[in-house]
Amino acid sequence: MSHVSSPRPMTARAGSALQGRIRVPGDKSVSHRALMFGALAVGRTTVRGLLESEDVLNTAGAMRAVGARIERSAEGVYAIDGAGLGSLLEPEHVIDFGNAGTGVRLTMGILGTHPIAATFVGDASLSRRPMGRVLDPLRQMGTSVIARSGDRLPLSIRGPEVALPLTYRVPMPSAQVKSAVLLAGLNAPGETTVVEPVATRDHTEKMLAGFGADISVTLDDAGARVIRLKGQPELKPQDIDVPGDPSSAAFPIVAALIVPGSDVTVENVLLNEHRTGLIATLLEMGAEIEILNERSAGGERVGDIRARSSRLKGVTVPAERAPSMIDEYPVLAVAAAFAQGDTHMPGLEELRVKESDRLAAVARGLEANGVPCREGEAELTVTGGAGRIGGGTVATHLDHRIAMSFLVLGLAGERPVTVDDGAVIATSFPTFTSLFAGLGADIADREGLTA
Ligand code: S3P
């Protein structure tokens, strides 16, 4: 399911304070993996709290195409009858991943070591994104690839009869690349090892262990994570409760900090240590944020996050923190626009290859709304508290997080902010406008509808 609906401009304007307790939808990374690992297990996996967004529903479609039965019984509740590792069927049709980088890259890993052929397509955004980072290690494991030059979608792969296990050092901080190699290693005899010099989100490692895979993580002398996986395990079905997505919670949290008089609590948010870089940064900026009701659920730390309007100050974000807040830089830049002084964000190479070139998209969006900023090759500096914010229209480039970030900017600006396409938000956070309306926010499309 590509994002084919026509662009839907949306406008956010300042109004009342934001108040309330909300729950954001399930974590996107965990939701993709729950469907994939359920499809590889033998037996029935149940999932509660699955994120029902376009990206994740595309992964459900892909897993059905290779033989899993996936049924929805209530909102966010799914039963997956696995096709079984090693027994995946060849898909009859092209698999359309729409906007979903995680979906397509992890699925390439899974299918790349099965002796079947598959063709992947995506929307204009996904078709521009680099796939060589996943295809290179897959080729070393025996996968054949037919791609147009530059290893971009559309492309086809065929897995070998027997794949080769691999030892692979991930060249960029990417959980998707790490995960694709590990998932390919599942159907290779012997041990696949991934060396990760810079730690990234570890949902694949944790969830594979939960499904019964023999996987271990150690640190080498240089501090790199060494992940060893024994191939061809029998994966056992699981019952999974998906906690709220911290990358979605980031929007109401930042909105509460910058809209005067606000007090918002987001309940049941995933607090995995590789996902909490934004909270650490906001606290350093002086944010009034509390983590309440912290607990462990399904092997992950979760909690409620309360955010109140705060006087923020600019900071330098350590470059090494980037992997733990990689999807949150656009909304951090929005918080920085309301902070006193400069916020400097180095180490942003990977932002150039997200759903859009996010570094450029953020810089252009800030400039269009009167926020001074400096864009470097891999860094951004935002000068806060200068001048009248708002009044511009932001090009979203099919990027859901650009759309949501700039709508948040509009909630605290002196003038409204318009994004050229709010429909892209359905990629990851379909309830965004209705949840914000419930908090008292003024976000509407051209017809004045809030959802
Ligand atoms: C994800 C990894 C990150 C992140 C994406 C989800 C995942 O991508 O930006 O939204 O679920 O593994 P990279 O691996 O490209 O950093």
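Note that the numbers count up from 1, one per residue, in the order the chain is shown.
Any Cβ shown, glycine's included, is placed from N, Cα and C.
Please treat TrEMBL annotations as automatic predictions, because they have not gone through curation.
For the 3-phosphoshikimate site, TrEMBL gives Lys28, Ser29, Arg33, Ser174, Gln176, Lys354; the one candidate out of Asp151, Asp214, Asp327 that the record lists there too is Asp327.
The shortest Cα-Cα distance between Gly101 (phosphoenolpyruvate binding site) and any of the binding-site residues Ser29, Arg33, Asp327, Lys354 is the one to Lys354. Across the domain 'Enolpyruvate transferase' (14-433), the model assigns an average pLDDT of 98. If you take the CA of Arg401 (phosphoenolpyruvate binding site) and look 10 A around it, you hit none of the binding-site residues from Ser29, Arg33, Ser174. For ligand 1, the neighbouring binding-site residues among Ser29, Ser174, Gln176, Arg358, Arg401 are Ser29, Ser174, Gln176, by Cβ distance under 6 Å. The phosphoenolpyruvate site in the record is lined by Lys28, Gly101, Arg129, Gln176, Arg358, Arg401, and its two most distant CA atoms lie 19 Å apart.
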